[in-house]
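Input: a single structure, listed below in structure tokens.
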Amino acid sequence: MPIVLKTSPLLWTRLAALAFACVAFSMTVHGARLPRGTGDFCIFCWAFSFAGTLLVILVELFNLQTRVPVSWKNFPITFACYAALLCLSASILFPLYYLRGSTSQNEVQNFRIVSTVFSCLATIAYMSEVSLTKARPGEVAGYMATAPGLLKVVETFVACIIFVFISDPVIYDRHDSVKYCMSVYCICFILSAIIILLCIGECTGFLPFPFARFLSAYALLAVILYLVATIIWPIFNFDPRHGGQKQRPYSCSSTQGLCVWDKAMAVAVLTGVNFILYLADLIYSTRLVFVSA
């Protein structure tokens, strides 16, 4: 089987991301001594990114792009975008849980600092890969390499973070309006994930309707749903007249990580972020429809 080795900025960027992610999870496993929970998630982020990048490099090294059952125009950049978001999350959560408030200098602390540094470097490397492989104006590329495709990735990732905050502990079952917000997160996440899978599997041509118009209609629906959720969630979580708590409880100051009030606030912020993302998605998708027409 012929090996095709073509050095390029993209290859060096992937190799750098591979090395940084490897060092991050290796240092953590070797000497960081983390308790169960958030540390496991961070290790998963780095290990998943490392394994996926290694797979992409090997496929291109052995020139197997035509033999894999996915669209190679869409898969590498989709994975790189998810890897960038995962490493970014680990770069925020890891020091938040395991370095914040610690003043002692010992071997365990040094391992944790090294893991954080290399996690940040991996994030930069994956962002660079996305920047190198995204579609340029006038360039023929897969949908996931365009702005709407990358927005879909970020939208689903933000929804996953919302699911984590909203379900541990469960904070969406106090009122029917808050349950509506949970349904919005689920519906939009599922539809966006289906779109991504259709693009990676090159199945968009099997749809009984134009894919571009479906994207535009879905983006409009998501904007409306998230707009309502952006208004409802803060009202029923922070307004005392609806059973909410306006001020941050004093007990949150002594809680490691995020307390329930912090998580509710994080969900409110992330809901607004996803609303903005879907609004930008709608603008791009509408332009796509007019360009296609």
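Residue numbers in this text run from 1 along the chain shown.
Yeah, the Cβs are placed from backbone N, Cα and C, and that goes for glycine too.
Annotated domain 'MARVEL' per TrEMBL: 5-138 (among others), in sequence order.
Annotated transmembrane segment per TrEMBL: 41-63 (among others), in sequence order.
Within its own chain, the transmembrane segment (75-99) is flanked in space by residues 17, 21, 24, 28, 32, 34, 38-39, 41-42, 45-46, 48-49, 52-53, 56, 68, 109, 112-113, 115-116, 119-120, 122-123, 126-127, 129-130, 133-134, 142, 144-145, 149-150, 153-154, 157, 161, 196, 199-200, 256-257, which lie at least six positions past its ends and keep a Cβ under 8 Å from the stretch. According to TrEMBL, the transmembrane segment annotation covers 75-99 (among others).
Summarising the annotation, TrEMBL assigns transmembrane segment to 111-128 (among others). Taking Cβ pairs closer than 8 Å, the transmembrane segment (111-128) reaches residues 13-14, 16-17, 20-21, 23-25, 27-28, 30-33, 42, 45-46, 49, 80-81, 83-84, 87-88, 90-91, 94-95, 98-99 in its own chain, all 6 or more past its ends.
Sequence-distant contacts of the transmembrane segment (140-166) (same chain, at least 6 residues past either end, Cβ-Cβ under 8 Å): 71, 73-75, 77-78, 81-82, 85, 89, 130, 133-134, 172, 182, 185, 188-189, 192-193, 195-196, 199-200, 204, 215, 219, 222, 258, 263-264, 266-267, 270-271, 273-274, 277-278, 280-281, 284-285, 288. Per TrEMBL, the feature transmembrane segment maps to 140-166 (among others).
Look at TrEMBL and you will find 143-290 (among others) tagged as domain 'MARVEL'.
The transmembrane segment annotation in TrEMBL covers 182-203 (among others).
The transmembrane segment feature in TrEMBL is assigned to 215-236 (among others).
Tertiary proximity for the transmembrane segment (264-284) is limited to same-chain residues at least six positions away from its ends with a CB under 8 Å from its CB atoms, namely 146-148, 151-152, 154-155, 158-159, 161-162, 165-166, 171, 181, 185, 188, 216, 219-220, 222-223, 226-227, 229-230, 233-234, 237-238, 248, 258. What TrEMBL records for 264-284 (among others) is transmembrane segment.
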